[in-house]
4 protein chains.
Amino acid sequence: MEIEIATIGGYEEVGRQMTAVRAGDNVVIFDMGLNLSKVLIHDNVETERMHSLDLIDMGAIPDDRVMSDIEGDVQAIVPTHGHLDHIGAISKLAHRYNAPIVATPFTIELVKQEIESEEKFGVENDLVKMDPGGTMAIGDDCELEFVNVTHSVIDAINPVLHTPEGAVVYGLDKRMDHNPVIGDPIDMDRFREIGRDGVLCYIEDCTNAGRKGKTPSESVARSQLKDVMYSLEDYDGGIVATTFSSHIARVKSLVEFADDIGRQPVLLGRSMEKYSGTAERLDFIDFPSDLGMYGHRKSVDRTFKRIMNEGKEDYLPVVTGHQGEPRAMLTRMARGETPYELDQGDKVIFSARVIPEPTNEGQRYQAEKLLGMQGARIYDDIHVSGHLSTEGHYQMLEALQPENVIPAHQSMEGYSPYVDLVTGEGYRLGDDLHVTQNGNIIQLTE
Amino acid sequence: MEIEIATIGGYEEVGRQMTAVRAGDNVVIFDMGLNLSKVLIHDNVETERMHSLDLIDMGAIPDDRVMSDIEGDVQAIVPTHGHLDHIGAISKLAHRYNAPIVATPFTIELVKQEIESEEKFGVENDLVKMDPGGTMAIGDDCELEFVNVTHSVIDAINPVLHTPEGAVVYGLDKRMDHNPVIGDPIDMDRFREIGRDGVLCYIEDCTNAGRKGKTPSESVARSQLKDVMYSLEDYDGGIVATTFSSHIARVKSLVEFADDIGRQPVLLGRSMEKYSGTAERLDFIDFPSDLGMYGHRKSVDRTFKRIMNEGKEDYLPVVTGHQGEPRAMLTRMARGETPYELDQGDKVIFSARVIPEPTNEGQRYQAEKLLGMQGARIYDDIHVSGHLSTEGHYQMLEALQPENVIPAHQSMEGYSPYVDLVTGEGYRLGDDLHVTQNGNIIQLTE
Amino acid sequence: MEIEIATIGGYEEVGRQMTAVRAGDNVVIFDMGLNLSKVLIHDNVETERMHSLDLIDMGAIPDDRVMSDIEGDVQAIVPTHGHLDHIGAISKLAHRYNAPIVATPFTIELVKQEIESEEKFGVENDLVKMDPGGTMAIGDDCELEFVNVTHSVIDAINPVLHTPEGAVVYGLDKRMDHNPVIGDPIDMDRFREIGRDGVLCYIEDCTNAGRKGKTPSESVARSQLKDVMYSLEDYDGGIVATTFSSHIARVKSLVEFADDIGRQPVLLGRSMEKYSGTAERLDFIDFPSDLGMYGHRKSVDRTFKRIMNEGKEDYLPVVTGHQGEPRAMLTRMARGETPYELDQGDKVIFSARVIPEPTNEGQRYQAEKLLGMQGARIYDDIHVSGHLSTEGHYQMLEALQPENVIPAHQSMEGYSPYVDLVTGEGYRLGDDLHVTQNGNIIQLTE
Amino acid sequence: MEIEIATIGGYEEVGRQMTAVRAGDNVVIFDMGLNLSKVLIHDNVETERMHSLDLIDMGAIPDDRVMSDIEGDVQAIVPTHGHLDHIGAISKLAHRYNAPIVATPFTIELVKQEIESEEKFGVENDLVKMDPGGTMAIGDDCELEFVNVTHSVIDAINPVLHTPEGAVVYGLDKRMDHNPVIGDPIDMDRFREIGRDGVLCYIEDCTNAGRKGKTPSESVARSQLKDVMYSLEDYDGGIVATTFSSHIARVKSLVEFADDIGRQPVLLGRSMEKYSGTAERLDFIDFPSDLGMYGHRKSVDRTFKRIMNEGKEDYLPVVTGHQGEPRAMLTRMARGETPYELDQGDKVIFSARVIPEPTNEGQRYQAEKLLGMQGARIYDDIHVSGHLSTEGHYQMLEALQPENVIPAHQSMEGYSPYVDLVTGEGYRLGDDLHVTQNGNIIQLTE
């Protein structure tokens, strides 16, 4: 059976992931993501109303025109988890394919919300929920399987397409976490079984391939966060925290430690409400029944007023804005645009890492400067990555023993440490190690 | 009463700490340390046989000639903890003063060993043990007190000289740790009491003053180390770990996690044996009764041979060499000079941070390269600092409310973030904030 | 005679320089500058209409309230050269003092323009021109002298106040340039004479004190620029250059090399027109008679249209925007907001260095990205600094042999390499080396 | 005709370059270099006596065993210039091939010296001199041509193999220099002609592909060096300079400027004598007749003694040791091991850049520290690179319009900016852009 991989997006960048796998007459698409930085570099672009082709020209969504060279029927569109670089282009591209969108429950819910906010296209593909561990037939000979993985968002999976020629494992966006605070550990046993049955191809996320050792478990970030928050138990002024809104495990730790040190947590900001609200509705987490979550600016400001009246020392606002985004809640606080007044000595906890890109670093710097001018003191980088480091990559190669390897989720520069690692394990460029770029088709079997 | 501070060493560098405080007729000396980097930059220097004046000329030990300008009698020499930059010059300088050496039990024991290995001078000062919390009269009007602090070595204290003009607090080398794995948390209650009674002067260690937030507790390093070591439970080859030999809390974690994952720990290298042996003898730690510690090269190599015979997969050697020091055990292993053979895929855990200095970085790089050429894979930077970050400095200032502040333990560049911090709290250069250099005398009261 | 130095602004930062020297009853003020970054961090602040006190609170202009502690009459306000961090607060503060503003002709002209654009205050101080080498009596016993120096703007001087106690040399903002493209070399002979007569105090700019060796001459930048521009002689598309508008020597080189490679130079952007127009009017430079300079957006856009019609290959637009400032000409070009269309392969020459501050770096990055999206290719960093490096500092100390040294024009971190250098020459902190901060008064003689 | 490229060495690293091109039955080998860093990481390795296979195992010389898969006769071994990473393995590998070594006169001379100092193998290949611009028949259908290029060593060429299928251009190690101080400018006219006739493949050096703009001409380094040296005209103490021994153009500038400022230059150190002596003997340069060059330690030390006797102020020693190599002359001076005594304020000019590798940086740092401890002051980085930056790469692609591109002379990480550049010009990975590694064979035509 002919097996081909189309590397549509995310093979020259982080963002706008999209890969198609053809096995005989059947095609499965993994991810349809957005590269947000390509949108933000322009002023006043509103993607909701834009046409796909314009977004493709901007480099914001995958250029899926290469799909016309793929001879087969798309049977499923499979977003692997709920981050925008994996689901953000579904509302712009999915309607072109007559196929259901298959994902885990939390991811499906986020896809649904994306589709609902889309103003240009009507996306009417079926939305099919499948749990980690679940399987689905693809044509007569193939099967799609979801293997549970651990990442910085809940309900993440690595999809596997089992074909008569071996498995194609789409390995993006995971950390080797045996103690992930929420959800099950990564299912390495299943990966090892799949490896024993034969893996034709492994597509791997190179994000942290240059970092030595092991990406720490979420439990390590939790331990560090606990150390910080407990040390503030006696502080009688304002404490504010921020983290990735979609990082439910981290939000859970913030909420619990707030309670431990005698503060009432409250989640503020549009995406804070969206992700945590969704996670709670779907029973991924059981927040305290009185936990406030507010997204609209008015209700947020009303909450800030209440906090100021009742005493900042009794609250922990968990807000958006960890990257210094100009319109996020924390940046508004830094500019003095909210009713919450920061005083000399108040604490701001960034449970996040600055994404290393100059525009971003400039914004974050400005936000911290403005916070500092209001007297706030910063705790930063209380965080662990969601991506495999060197040792995780070695363990995946040992588990899967793939015939072919395709690096992904990076630029050429990002690929390079992974290529070094993989060639060190005996793979060879131009043979079974495929360094590629957006828009290529790699034929694996004939 | 006249109070003067002589800033003898460690006010332009990290290393060779030495400060004298005169209160009326009585003088107390805090620390007599060695700046090892000034020795190592030369080839083949053996300090054991060198004269003080030559070592002073090299910048290796404090230039205590300024003591002749201090009119008073030295009543005590007080090394604050057992690191070389605080005790390493005692064997070269202490005999010049007719005063006892007063320190905590672990520190005294290390001082004793330093004196015993000295070949040039006979140091015969009395060695007096005083526990954290203990006090001692200095002349008629003053009192020396040891306040318990947490650092990367056990039994560390901050000495306080209580004078009629207020307390002089010598605040070097500590972390704000409420959960230090070994020993008691830092005694902030006592610092607050001292602050309420009036602090004339606070001498502060600026090492990490430029790092935002809180230095993580040793319990965070433990959590990260546990995450790494447990993830290696199934590995059936060699695992080697290295850390600061004097870091007993870390060694304890390594020993315990080794046991948890089914490996027998063994401590190898001269200083590994020295510090852990001392800690055990003094009952600071209760290692497993069968824990091997070997310092001499012959016994180390014999142990390596035994490990190779019985199976590397059953052992965890904890060795010296975390900075890539050319003659340390790990570097010898990297060069293939020991009977322990590294195989492809074996793990080397650096539970330490590279000290950021080019010579050092070059050596560590070379050691890692050589390890890599033998097939070893590196886990690095599993560590937390032993020094206060920004928030710890703020908390100390809030607790002590000192009249005068003297930054120490750094170069001018290292002082700068601390000066920014302290001026932000209202202190002023040229008034109550004293930025100084080696060899100055600061008169605080007349 | 009592000599005091008031360190009013620019002693914790680069920007808002202001220093007062009192000699007996007479006071001279050196510089009244603006810290632009403190303005730009806020959105939509227009300084023209703001009150001094608000600008002081923002940290944008010097807090001159310490002047009430100086007992003497201000005899002169002496801006040393035309950069905003030295003249930008004159329009907000000078009217408080009954004293003339004394400066070189080019600087006076720029001060005049500042005052004219001021909307809040009426500044009516006399404007007095004095050439480099000129002198002026200050009271009965003192004399003000201007020593010619070389910097990145023309007509820069170091003012010297000769007092009966020795000279006070205000040494900010210069490079040791013996071949400065425009104007005379730095007058080291005069500095050496002044040194022989006795220097009481030297106030020094620490900007580059950490850079080894010698700051290259402007002739080196010219040589590098020539190499780049001549290499583009055969290119038949668009070439655009940008540099500091006030850097007349650089503009001169750009204009001349444009001519050499067969392109007509044209200066575009408000401050390009302002500085080059002023320099030409005052006969500092003799530009080609047909050199176009356009500041208003309409005339700039008209010029761009003409260039597009007649052929980009015949022109070299020299534009504002070297730091990626959002509203500068080059950034508008990058956003496609001007009639000038960049094509694939067009060249953009940054004859400037990115000022190392995250907000700035973010903006410059964004501008370069947008230029790249239009096909432009970047030549950057064709520049030399205007400030002394290590060897220049040594040479000044050797020439002046000052009794006292005061580091300036930096934060504490910026001071540190200079303090290391000066202490290496035998000066001592707390004695004849005065590390200070904004708002202090240093008494030099009684 | 079948054309194949064997990427033997230098495709994962900088060093041990070796590439073979087969055109039908004939093979030409470009370069046989040494990776010195793989030797130096071990202690006490003497390559002169080592066997090829051991050096291959160490990664020090190319692993040419892949040549057994190439079916054709080697007609020429072509070292492109005299740097060790291009000629350093000839003495270990050339004897395996029955083919002459063809190179420019200066390169041939250096190859000859390499062969003479070899102790293990007898290399008896013919040595054939061919000037830049010269050609030589390779079999019946092909021709070898040398195109003149500019690099940091004289007499460098890019060899071109003209085949019936188009030219194969081996483009390593050059800068786009139109004003190179010694020798002719790069022959871009010839490259453009070759491009018009059709280029099958271009093998390109990626060293500086990530640097924006144009690598400055040697004339810019000369201008900077002149600025520094002229500024020292009045200094009456010692001045010492160091640079790459093989960089004859730089040595020429040092010698000339020494004379200009009234100092007698003298070249000291084994490789200083070797390269400059060879260049003079071959009439590449006409040094002053009394210029001393000394290589043996005894004659060097005798010269130092003479300088000390006659007065340091009259000499400019130009010595080896720009990277802080432990056994080079400057490092010996830094350690006080030579008769030349450095005094406070003496100058050391590094007309070289630190090669960015930690071992190296550590050694250079140590050398500078030791020089500083003797009172010397450092001028560093007076240098320009010998390799193309971004614009040079664009110009080569425009000139040659190659059908295929093969990045070389770097690791994967070093390739990445070049791959970005080339894909931006329309080449595609897996099609006409070949990212490869050591030991591959790329078939270009069938």
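Any Cβ shown, glycine's included, is placed from N, Cα and C.
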Further Zn(2+) 1 ligand in TrEMBL, beside D:HIS81, D:HIS83, D:ASP173, within candidate set D:HIS42, D:HIS51, D:HIS151: D:HIS151
Of D:HIS409, D:HIS434, residue recorded by TrEMBL at the Zn(2+) 2 site of D:ASP85, D:HIS86, D:ASP173: D:HIS409
Average model confidence [pLDDT] within the domain 'Metallo-beta-lactamase' (D:15-225): 96
D:HIS151 (Zn(2+) 1 binding site) versus D:HIS409 (Zn(2+) 2 binding site) - Cα distance in angstrom: 15
Other same-chain residues whose Cβ falls within 8 Å of the Cβ centroid of D:ASP85, D:HIS86, D:ASP173, D:HIS409, the recorded Zn(2+) 2 site, in sequence order: D:GLY10, D:VAL14, D:GLY15, D:GLN17, D:ASP31, D:GLY33, D:THR80, D:HIS81, D:HIS83, D:LEU172, D:ASP205
When distances run from the Cα of D:ASP85 (Zn(2+) 2 binding site) to each of the binding-site residues D:HIS151, D:ASP173, D:VAL384, D:GLY386, the nearest one: D:ASP173
Candidate binding-site residues D:HIS83, D:HIS86, D:HIS151, D:ASP173, pick with smallest Cα gap to D:VAL384 (substrate binding site): D:HIS151
For D:HIS151 (Zn(2+) 1 binding site), the one of D:HIS86, D:HIS383, D:SER385 that lies nearest, given that the binding-site residues are compared by Cα: D:SER385
Separation of alpha carbons, D:ASP173 (Zn(2+) 1 binding site) and D:GLY386 (substrate binding site) (Å): 7
Candidate with the highest Cβ count within 10 Å, taken from the binding-site residues D:ASP85, D:ASP173: D:ASP173
Cβ within 8 Å of the mean position of the Cβ atoms of D:HIS81, D:HIS83, D:HIS151, D:ASP173: remaining residues of the chain near Zn(2+) 1: D:THR80, D:GLY82, D:HIS86, D:SER152, D:VAL153, D:ALA156, D:LEU172, D:LYS174, D:GLY386
D:HIS387 (substrate binding site): nearby binding-site residues from D:HIS81, D:HIS83, D:HIS86, Cα cut-off 10 Å: none
CB within-chain contacts under 8 A for D:HIS86 (Zn(2+) 2 binding site), separation at least 6: D:GLN17, D:ASP31, D:MET32, D:GLY33, D:PRO79, D:THR80, D:LEU172, D:ASP173
Between D:HIS83 (Zn(2+) 1 binding site) and D:SER385 (substrate binding site): CA-CA distance (Å): 14
Residue with minimal Cβ packing [other Cβ atoms within 10 Å] among the binding-site residues D:HIS383, D:HIS409: D:HIS383
For D:HIS151 (Zn(2+) 1 binding site), the number of other Cβ atoms found within 10 Å of its own Cβ: 29
